[in-house]
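First the structure, in the form of structure tokens, and then the observations on it.
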Amino acid sequence: MDSLNTLWLSTGLANFELGQVVMMLVGCGLLYLAIARNFEPLLLLPMGFGAILTNIPVAGFSEAGGLLHYIYYAGVDTGIFPLIIFMGVGAMTDFGALIANPKTLLLGAAAQFGIFATLFGAIALNYVPGIEFTLKDASAIAIIGGADGPTAIFLASKLAPELLGAIAVAAYSYMALVPIIQPPIMKAFTTDEERKIEMKQLRPVTKIEKIIFPVGVLAMTIFFLPSATPLVGMFCLGNLMRESGVVDRLSSTAQNELINITTIFLGLGVGSKLSAEAFLNVETLGILALGAVAFSIGTASGVLMAKTMNKFSKEPINPLIGAAGVSAVPMAARVANKVGLQANPHNFLLMHAMGPNVAGVLGSAVAAGILLALVGG
Amino acid sequence: MDNMQQQFIEAGTLMLTGMVFVFAFLGVLIVFINTVLAKLAVKFPDAIAVPSSRPNKKSKSKSTANGDISPAVVAAISGAVKRYRTQHGHDK
């Protein structure tokens, strides 16, 4: 009888707590979004599964000695996984559209206003009982507006590790929701005539420009913002491997096998932070709300900047491409192209929108570096 | 309450510094692209850029000034025709 009792006590059924069940359901919700709705499945699937594993009673996945504990501390806490992913993203990024039309860097800069404006929102939420965000927490939440998953995870792991789970869920969910969040904002801030504007064809970009570009960006970051060099440095390394043309094997590994392997572990590591005590609170609701605000402000400021540039530029600029400045590569550029096509079926904005889109990646990495330098110290 | 005010001031300062810095950084990058990269592009044009910007140049190398096909191309075609005819003859 005693052994039967011991066996019963070692079952999951005897040890379940309500919070764990709820978090397992949250994990199942993430799996549903990934599998049925195709929302950023590459990350949400391992993340959702990680959330289920970490909440299994008795198994101790996230306690010292557990698999997820080591994955988290080896790769997420140290910042290694998001940086390896950033190298892969660099190896997948073609800066041609940006080099051909460098003005679009200003759109990538303007869209970062979403990040900095959200800082206010996060601090203002301290008026709500049960929420207490420090400036570090606020900065980690605000970076969701950068619409860049690895950057958000990297900054959150440095500034507010206890909020990492909620921040990562918000960042990736909103990135998946770009096609739903952005179009109404883009249409609200532009006229039909503006959406019809056709842009001049981009000039061809030479190989030497593409090779020197990442080196130049890295040099500038070293001089002006060393705190951003982990992100920008890995990004530039990936991009140089791609553009140099001499290490195709490395470039291919960085943008395929390596980024895929790391994504599995990053997803699991972030999922391990989805425990009941860290996720089931008012702060998570606040983070989800602020993430949406950050995205919307970023989109609007990118569009408004493009409108302003169109007024003063000799060459016409379609304000829709400003929305791509939030990064979320290449989804935001595709959205700009789609909304443009709705207004004018002969207007293909995809290549033009890729400029601000990759500028947004650089912009959010720079913004993360600024937040690290000013708040992280 | 004072603490909140203090935090708002800090957030405001951070926003201002952050936006100015992001614009300055990416602004310098624009200057870099427009000067250094643009000069490099002119000095070292690559094989992909040449035909797309000056399409006539490539065809010139394969034909003579008056528009005739260059002797090298004629030789290659004649060689191929000769070989085909020989093979064709053997088959019969």
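One-based numbering along the chain as shown.
Note: Cβ is positioned from N, Cα and C throughout, glycine not excepted.
Quick look at what TrEMBL annotates:
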| type | residues | note |
| --- | --- | --- |
| TRANSMEM | A:12-35 | transmembrane segment |
| TRANSMEM | A:42-64 | transmembrane segment |
| TRANSMEM | A:70-92 | transmembrane segment |
| TRANSMEM | A:104-126 | transmembrane segment |
| TRANSMEM | A:163-181 | transmembrane segment |
| TRANSMEM | A:211-237 | transmembrane segment |
| TRANSMEM | A:285-305 | transmembrane segment |
| TRANSMEM | A:317-336 | transmembrane segment |
| TRANSMEM | A:356-375 | transmembrane segment |
Cβ contacts the transmembrane segment (A:285-305)/the transmembrane segment (A:211-237), at least three under 8 Å, sequence gap 6 or more: no
Positions on the same chain near the transmembrane segment (A:70-92), where near means CB under 8 A and six or more residues out: 62, 149-151, 153-154, 157-158, 161, 164, 214, 230-231, 234-239, 241-242, 251, 254-255, 258-259, 262-263, 265-266, 268-270, 272-273, 329, 361, 365
Recorded stretch, among A:12-35, A:42-64, A:211-237, A:317-336, maximising Cβ pairs under 8 Å relative to the transmembrane segment (A:163-181): A:317-336
Range from A:12-35, A:211-237, A:356-375 with most C-beta pairs under 8 A to the transmembrane segment (A:42-64): A:12-35
